[in-house]
Amino acid sequence: MSRRDAVRCAQGLLYSLNGMFWLMSVCVLVVASWIRDSLNAVLTLTAHTRLEEAAVCSYSPAVHPVLISASCVLIVIAVVGFCGALRCDPLLLSWYLCSLLVLFCVELSSAVWTYDQPSVHRSDMISLKSRMQNYGLQHYQFITHSWDRFQTQFQCCGVIYFTDWLEMTEREWPPDSCCSNQYSGCARHAHFHDLSDLYQEGCGPKIYAFIRGTSLLQVLRFLGVSVGVAQILAMALTLTLLWALYYDRKSSHRGMVWVGPKDEEQKTGVGQTQFRTDT
């Protein structure tokens with residue numbers, strides 16, 4: 001393979017990798033936003049407990065500002081890399097290489113920093129019952145909204161069982177968000193007529209399973225690893241392209257013949273001598 005073919009091959013691969021950077025960065029932002037919707041409810045319900053710390057550590061890729069910012073910056077870097085590969089501009093490619101290296105180091109250090117995860121036991125779920133006492137109070141509407149959203153989304157009721165609402169609060173029946181078919185007053189109707197209309201599973205095990213990790217979290221982690229591997233490949237290809245451009249320009253300079261003043265005088269003198277001999 002000639003040097004020109006190597007340059008074209010490196011250019012094509014860099015085009016593909018930068019396109020992957022755009023796609024994966026957007027996917028990271030979308031998945032992180034999707035996870036944060038459920039995570040905010042969990043963090044509200046588990047505030048000031050060990051569960052809150054465990055949830056933050058487990059979902060650090062979705063909430064860590066460094067990783068979210070890195071995805072946004074990577075989109076800009078990919079644009080510069082695409083332009084540098086298209087124009088074969090050593091300055092843009094050098095800036096692209098240095099930016100990728102700095103960003104990769106930041107991502108790696110952030111991942112190592114947030115790797116530790118505190119242990120969580122099922123017995124810690126009992127501490128969630130204390131958060132039920134503020135449900136429905138005027139100054140704790142955010143807790144009420146979080147309980148309703150979590151129970152509706154995960155189809156659960158109470159912490160261990162729906163009777164937790166009767167034990168921990170002054171309510172005579174659970175909230176309407178515990179109903180499988182929700183409408184105003186559905187929980188009261190189910191409590192007195194048909195308990196099967198209420199969710200039979202508690203939210204404690206659901207929160208425990210959520211903290212241990214969901215499929216969306218695994219997708220986010222996979223995207224993070226994929227971005228890191230793609231960055232290493234992009235840096236290697238950029239070095240290859242810079243090396244090829246450097247030696248291509250070096251060889252082109254060597255092929256140029258420079259004619260100095262002395263050479264011109266010698267050529268002129270030879271021409272005059274030949275003219276005198278002929279005459």
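Placement of Cβ uses the backbone N, Cα and C atoms for every residue, glycine included.
Some features that TrEMBL has for this protein:
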| type | residues | note |
| --- | --- | --- |
| DISULFID | C156-C186 | disulfide bond |
| TRANSMEM | 12-35 | transmembrane segment |
| TRANSMEM | 66-86 | transmembrane segment |
| TRANSMEM | 93-115 | transmembrane segment |
| TRANSMEM | 222-246 | transmembrane segment |
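Counting Cβ pairs under 8 Å to the transmembrane segment (66-86), the stretch among 12-35, 93-115, 222-246 with the most such contacts is 12-35. Of all Cβ atoms in the shown protein chains, 20 besides its own fall within 10 Å of the Cβ of C186 (disulfide bond). Note: C156 (disulfide bond) has non-local neighbours F150, Y199, E201, G202, C203, P205, K206, i.e. same-chain residues 6+ apart with C-beta under 8 A of its own C-beta.
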